[in-house]
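**Student:** Submitted below is the structure of interest, expressed as structure tokens.
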Amino acid sequence: MGEMVDGRKQGEGVSEKRIDIMSGEGDIACQCMLDYYSTTPESEQLDSQVDRNVMKQPPDRWFPITQSTNGNSWTATFHLLSSGIGTQTLFLPLAFVYLGWYWGILCLSVAFVWQLYTIGLLVNLHESIDGTRYNRYIQLSMAAFGEKLGKLLAIFPIMYLSGGTCVMFIITGGGTMKRFYQLLCEDCSSKQTLTTTEWFLVFICLAILVSLFLPNLHSVALVSFLGAIMAVGYCTILWVFFIAKGRDDHTVYDPSKAVASEVGRVRSILNALGIIALAFRGHNVVLEIQGTLPSTPNRSSSNLMWKGVIASYLIIAMCFFPFAIVGYWAMGNKFPANGGLLTALSSSLHHYASKPVLGVIYVQVVISCVTAFQIYSMVVYDNLERAYASRTNQECTKFIRTVIRIVFGGVTFFISVAVPFLPTLAILIGGIALCITFGYPSLMWIAIKKPPTRSRRWWVNLGLGCLGIGLSVLVTVVGVWNLASRGLDANFFHPLFTKKHSSSSFKLYYRKAVVVVFKCMLDYNSTTPDSNEHQNGILQPPDDWLPITQSRKGNSWTATFHLLCSGIGIQTLSLPLAFVCLGWFWGSLCLSVAFVWQLYTIGLLISLHESVPGTRYSRYLQLSMAAFGEKLGRVVAIFPVMYLSGGTCVFFIISGGGTMKLFYQLMCGDCSSKHPLTTTEWSLVFICLAILVSLVTPSLHSLSLVSFLGAIMAVGYCTTLWVVFVANRRLDNTVYDPSEAVGSEADRIRSILNAVGIITLAFRGHNVVLEIQIPATGGMLTALSTTLHHHVSKPVLGLVYVQVVISCVTAFQIYSMVVYDNLERAYASRTSRKCPKLARVGIKIFFGGLTFFISVAFPFLPSLAMVIGGIALPLTLGYPCVMWIAIKRPPPKSGSWWLNLGLGCLGIGLSLVVVGGAVWNLACTGLDANFFHPR
């Protein structure tokens, strides 16, 4: 194949051709793919025409996927079988439980034919242009849809199906290793068995070791052959044993009895469609596999590849259909819905297979996962090696290749340990990427082949493409629906195989929520502060159109109210816990130092507000861009600002709604005979109240009276609590020794780091200091109503609860005003007119609904306050000092220069320490997350 030539114009910055994609585990690979895929493929004849200053893409023989083209139809068959059959096949009988015999077989047959047709399209499009081979899916997407749209449509699904699938292999393979050991060991209670995490480590070490001997995709052929035998083996063994054992007594085949309600029936049918659709995988590596085959003018690689496809999918059909049909025949409605068939075989369904046979199945599953890992990971290796070669203009050395494989293995291992419940989210995660299989191939065929409009093939492919994308959306929605109905008990950092999880995910809606506000902030902050000039063809709206700068009639009193309201919160109630870990002296010292430090940084922000004559930096992000430059300023500030605006509002809903419930329970007494509101409903009451208040406060200055009330409430409940504690005196046998608070030395260090985090996070509001200047956990609360109720009388406790609720409602208005301002500026920038009242109401209701959804989806967010707050800590203690140096430019190595540089570095370092301590704490104690189940 000819070399890939970078089509950038001379002098064009690389950054202009990139798209920043934030996708968790896919950041590295996404960036590398964007570095490489900056142009569509071109032939070698154009190489001589490229200017010397334009970087050439390195030859394909340097990279794992296209290093060898010595494959044949046999090797293609092995690759397709190994990548196409997995443990997702074992869920097919469950789809029949919800669909029944007729619809189950029909849907499985339609899905099989449909995905076989789309594979045929991909094979045909691999060499659709003379002299050009599209060896990677994203290349074909860019050739069909254009460079920018092709990247956007394909990059996320590709990353899910490459890195994400490898994580699934670690979780499944490591868990199966553990089951195999338990099967052989019988009674392991007297031995020191490996934990699930350690079994994950054993699996990834084995997978990395195998990958070190496989430099390219063609060299995986023998490994794929072994994996294909194993995958076909365990599927066949299972359905044969189902036939041998016969079906259960009283087996029922009625789908209407599988679920109770009509709504549950609809959801189960949609789940079944998702299970069937997701059983077919591997489309994202079809073009890569075909890239290993030779191609000549007389014989195209498509012929060899199509033979491999026919052979492999004939075998896949012989696995899928018998297993689905026989599994449903044997168990009927009793087929296990939770935990998977492998888990059920080792517990409730152990009578279906003898111990030796079960051991063989486990070994086959492990080997299948190890071999399939090599194929899917090769896509990531290829992109990372191509990024290295593009920048160094030399082929990857063996040492670099080894490092790439070890780093990727380490990243996937970390994700598998951090999020071990990912397989239960398979329907949603797979649904997002389903368009790769059923939708895009048909649309790409139309775009490249350009058949006559409204011809038969045009209509067929257009219809299938739209149906495929619609199916992807439908399956994704079903995953979210499952989550909303049953919740997700997530075991972060605690891999277990005894918990039952629901097959759904929250990440899609959360990511969309972040992206909406993030995009609005980028739209707004794309020009210099307070500028009304045209930039990039967009007229920046005048400041008097926007909530924050609409009125400048504030004074020192209103600023005081805003600062008190936004600066005091229930995080203050955790300060005594820091003293428990630090003791009297160090606790008082750390609190005093933190207070002076943050007061100094507020002073810096105030002085920088009008540091340039005629220019007012009215938003934190504007000041960051002025200090660090437009691009770097956005990068270092936009995430912390987003955490401290939208994220803090979510905390207010959780805290305020929960306190409302505590107040009701306090007033109601014994509510066992009544129908009290749930925590979710109390959160809804809170957000409705907050939105109602926001509708009558159009600007930040108009919040003055609200902030005054909030300031009184915040000061009130803090003062009330410590006065009551003084009045009631201390507990009997009170101990003040920090060494007795924890056991081991490691726990002592961890508790100290947590205490430092509690103190630093008690000071909040720096992200709204500049905005205010323009117009001029709940743990203690819960304890007070339970274990510490004897310290506070019922009327006083009720007063505290009311004060907390009012404080949360009023502080919500200040923090949400930052978001309203950005959304309204985005609207005004695009329409060149001031936001009408109706649009403002819509924005506030939309933001309120979004934060309410997040608070219900993640009611455990307050327990992650250390991690979330630590990420945003530089806004408070670090960035102001560095920005002062960048803008004021004091003499280098002067006293003020050293002071601010030191404080800035310490602030950023403290952020890392707090986040590290929080992650350490999470790794030690775990997190029992109650998604969609506020308690």
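Placed from the backbone N, Cα and C atoms, the Cβ positions cover glycine too.
Look at TrEMBL and you will find 71-477, 553-773, 796-918 tagged as domain 'Amino acid transporter transmembrane'. TrEMBL lists 152-172, 193-214, 220-244, 309-331, 425-446, 458-484, 635-654, 682-701, 708-727, 800-820, 841-861, 899-923 (among others) with the feature transmembrane segment.
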**Student:** Take a look at 152-172, 425-446, 682-701, 708-727, 841-861 and tell me which one has the most Cβ pairs under 8 Å to the transmembrane segment (800-820).
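**Tutor:** By Cβ pairs under 8 Å, 708-727 leads among 152-172, 425-446, 682-701, 708-727, 841-861.
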**Student:** Considering only the recorded stretches 152-172, 220-244, 425-446, state which has the highest number of Cβ pairs under 8 Å to the transmembrane segment (458-484).
**Tutor:** 425-446
**Student:** As a quick check of your reading of DSSP, tell me how many residues in the domain 'Amino acid transporter transmembrane' (796-918) are helical, how many are strand and how many are coil.
**Tutor:** 107 helix, 0 strand, 16 coil
**Student:** By a Cβ-Cβ criterion of under 8 Å, what residues six or more beyond either terminus of the transmembrane segment (425-446) are in contact with it?
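**Tutor:** Same-chain contacts beyond the ends: 88, 114-115, 118-119, 121-122, 124-125, 137, 140-141, 143-145, 153-154, 156-158, 160-161, 164, 168, 271, 274-275, 277-278, 280-281, 283-284, 458, 460-462, 464-469, 471-480, 482-483, 488, 503-505, 507-508.
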